[in-house]
Amino acid sequence: MSESVHTNTSLWSKGMKAVIVAQFLSAFGDNALLFATLALLKAQFYPEWSQPILQMVFVGAYILFAPFVGQVADSFAKGRVMMFANGLKLLGAASICFGINPFLGYTLVGVGAAAYSPAKYGILGELTTGSKLVKANGLMEASTIAAILLGSVAGGVLADWHVLVALAACALAYGGAVVANIYIPKLAAARPGQSWNLINMTRSFLNACTSLWRNGETRFSLVGTSLFWGAGVTLRFLLVLWVPVALGITDNSTPTYLNAMVAIGIVVGAGAAAKLVTLETVSRCMPAGILIGVVVLIFSLQHELLPAYALLMLIGVMGGFFVVPLNALLQERGKKSVGAGNAIAVQNLGENSAMLLMLGIYSLAVMVGIPVVPIGIGFGALFALAITALWIWQRRH
């Protein structure tokens, strides 16, 4: 069955506003919960190497449910899928508040996030299309990064005051996201009537993976976004250990302020990409990707707070300019070939596999005692080389 299209071309329709508000609150909860739960692990004397494990169980849920969540997003009204997913996040955050093992609660939040992602991005192609899709992605990324900015800081600051208050604030944010989802128009399902046989769904997902991988443009987008988000998540945990070593600061809030600088930069970079890059000129984003790695390397050598703030903001600007066009390219090409929900689910598999791999390597490096500054230097250099190799490959093909 061909994919249905339900498009309102206005960037500020009622449906788009509801999506942006819901995304802000959901992402706010995600980021506040990460730092609140990290503070809980510190308070309960978990070892340092267990910190990235928290994120690994989260992304593990993405990988486990990757064959199914794309079809869920395309088989039901995406706004209702988003509401159900935020309900799962609310349940996970509440369970941590009530003393359930934080790794189990965070895994449940990961399941909700896995179901949420294909729907939140797939709905953009139903609310707008064509040249405005890049701008819609810019709005989505700006909302997400604003939530990262405020959520990360709120999680750290509230955790310094009282960990339980920080966790409760996360649950309230997810509750607000559920309410906002109610106001998203109930559009017809994009691809209703598909088989729910798990074996067939897995086979269909693998076919979608193969289809997107065989297309040069979507393969390029998948590799680029996977490298970016894998590196971005690893950088967040690197900062948690880097701050006390390089700056001599041991509170919960300083790493969140530094993460906020990255978030501010991504908002700026996403806005610039929406104005300067189109689907036909996506390769313009590649130099920014290389510079991310170079600046991370320079950042790792800093010992003063102000240069650290400036360099992290620059990393964010480069990151926003790099990833927004790649997201839009995958959505536009993927919607036509395998469906928007399936395309985003495949993207999630790639991104979260990269996160799992990079976090695993980082956790292992910390466990064996490699100092955090050399880890940062090697991390930045390898990322710059990887994006350079991707650009060379893209130009040759």
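Including glycine, each Cβ sits where the backbone N, Cα and C put it.
According to Swiss-Prot, the feature topological domain 'Periplasmic' maps to 1-17 (among others).
Under the heading topological domain 'Cytoplasmic', Swiss-Prot lists 39-52 (among others). Non-local neighbours of the topological domain 'Cytoplasmic' (39-52) in the same chain are 96, 102, 155-156, 159-160, 163, 166-167, 234, 237, 240-241, 252, 359-360, 362-363, 366-367; each lies 6+ residues outside the stretch with a CB under 8 Å from one of its CB atoms.
The topological domain 'Periplasmic' annotation in Swiss-Prot covers 74-90 (among others) and rests on sequence analysis. Across the topological domain 'Periplasmic' (74-90), DSSP classifies residues as 15 helix, 0 strand, 2 coil.
For the topological domain 'Cytoplasmic' (112-144), the list of distant contacts is 5-11, 13, 15-16, 19-20, 22-24, 26-27, 30, 58, 61-62, 64-66, 69-70, 72-74, 78-79, 81-82, 84-89, 91-92, 184, 187, 190, 266-267, 270-271, 273-274, 277-279, 320, 323-325, 327-328, 331-332, 335, 339-345, 348: same-chain residues at least six beyond its ends, Cβ to Cβ under 8 Å. Here Swiss-Prot flags 112-144 (among others) as topological domain 'Cytoplasmic', drawing on sequence analysis.
Proximity of distant same-chain residues to the topological domain 'Cytoplasmic' (188-226), defined by a Cβ-Cβ separation under 8 Å and at least 6 residues beyond the stretch ends, is recorded for 1, 3-4, 6, 66-68, 70-71, 73-78, 122, 126, 282, 289, 322-323, 326-327, 329-330, 333-334, 337-343, 345-347, 349-351, 353-354, 387, 390, 393-394, 397. Among the features that Swiss-Prot reports, topological domain 'Cytoplasmic' is placed at 188-226 (among others).
Sequence annotations record features per position, and here Swiss-Prot assigns topological domain 'Periplasmic' to 248-256 (among others). With a threshold of 8 Å between CB atoms, the same-chain residues lying at least 6 positions outside the topological domain 'Periplasmic' (248-256) that come near it are 35, 38-39, 42, 152-153, 155-157, 159-160, 236, 239-240, 305.
If you look at the topological domain 'Cytoplasmic' (326-343), the same-chain residues 6 or more away from its ends with a CB under 8 A from one of its CBs are 3, 69-74, 78, 118-119, 121-122, 124-126, 133-134, 137, 141, 190-191, 204-205, 207-208, 211-212, 215, 217-218, 220-222, 224-225, 228, 279, 282, 285. What Swiss-Prot lists as topological domain 'Cytoplasmic' is 326-343 (among others), and the listing cites sequence analysis.
Within the chain, the topological domain 'Cytoplasmic' (388-397) has long-range Cβ neighbours (under 8 A, six or more residues past its boundaries) at 216, 220, 223-224, 227, 283, 286, 289-290. Marked as topological domain 'Cytoplasmic' by Swiss-Prot on the basis of sequence analysis: 388-397 (among others).
If you look up Swiss-Prot, you'll see 18-38 (among others) marked as transmembrane segment, on the strength of sequence analysis. If one looks beyond the transmembrane segment (18-38) by at least 6 residues along the same chain, the residues whose Cβ comes under 8 Å of a Cβ in the stretch are 51, 54-55, 79, 82, 86, 89, 93, 96, 102, 105-106, 109, 113, 116, 120, 123-124, 127, 139-140, 143-144, 146-148, 150-152, 154-156, 158-159, 163, 166-167, 169-171, 173-174, 176-177, 180-181, 183-185, 236, 240, 252, 255-256.
Outside the transmembrane segment (53-73), and at least 6 residues removed from its termini, the chain residues within Cβ reach (under 8 Å) are 34, 37-38, 41, 81, 102-103, 106-107, 109-111, 113-115, 117-119, 122, 190-191, 194, 198, 201-202, 204-206, 208, 233, 237, 339-346, 348-349, 351-353, 355-356, 359-360, 363. The feature transmembrane segment is assigned by Swiss-Prot to 53-73 (among others), with sequence analysis given as support.
Residues annotated as transmembrane segment in Swiss-Prot: 91-111 (among others). Sequence-distant contacts of the transmembrane segment (91-111), counting only residues of its own chain at least 6 positions beyond either end whose CB sits under 8 Å from a CB of the stretch, comprise 29-30, 33, 37, 40-41, 53-54, 57-62, 65, 164, 167-168, 170-171, 174.
For 145-165 (among others), the entry in Swiss-Prot reads transmembrane segment. Note on the transmembrane segment (145-165): residues 23-36, 38-40, 43, 97, 173, 251-257, 259-260, 262-264, 266-267, 270, 316, 320 of its chain, located 6 or more positions outside it, place their CB under 8 angstroms from a CB of the stretch.
As annotated by Swiss-Prot, transmembrane segment applies to 167-187 (among others), with the evidence given as sequence analysis. Sequence-distant contacts of the transmembrane segment (167-187) (same chain, at least 6 residues past either end, Cβ-Cβ under 8 Å): 6, 14-15, 18-19, 21-23, 25-26, 28-29, 32-33, 36-37, 40, 77-80, 82-83, 86-87, 89-90, 93-94, 96-97, 123, 126, 151, 154-155, 158.
Same-chain residues lying 6+ beyond the ends of the transmembrane segment (227-247) with a Cβ under 8 Å from its Cβ atoms: 34, 38, 48, 51-52, 55, 59, 254-255, 258-259, 262, 289, 292-293, 296, 300, 302-305, 308, 315, 319, 322-323, 326, 351, 354-355, 357-359, 362, 366, 371-373, 375-376, 379, 383, 386-387, 390. The transmembrane segment annotation in Swiss-Prot covers 227-247 (among others).
Taken from Swiss-Prot, the feature transmembrane segment applies to 257-277 (among others). Panel annotation: around the transmembrane segment (257-277), residues 134-135, 137-138, 141-142, 145-146, 148-150, 152-153, 156, 232, 235-236, 239, 243, 284-285, 288, 308-310, 312-322, 324-325 of the same chain, lying at least six beyond its termini, place a Cβ under 8 Å from a Cβ of the stretch.
For 281-301 (among others), the entry in Swiss-Prot reads transmembrane segment. Away from its own ends, the transmembrane segment (281-301) comes close to residues 217, 220-221, 224, 227-228, 231, 235, 242, 246, 269, 273, 308, 311-312, 314-315, 317-319, 321-326, 329, 373, 375-377, 379-388, 390-391, 394-395 of its chain (Cβ-Cβ under 8 Å, at least six residues beyond either end).
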Residue numbers, six or more beyond the limits of the topological domain 'Periplasmic' (74-90), whose CB comes under 8 Å of its CB atoms: 3, 15, 18-19, 22, 26, 29-30, 108-109, 111-116, 118-120, 122-123, 126, 171, 174-175, 177-178, 181-182, 184-194, 339-342
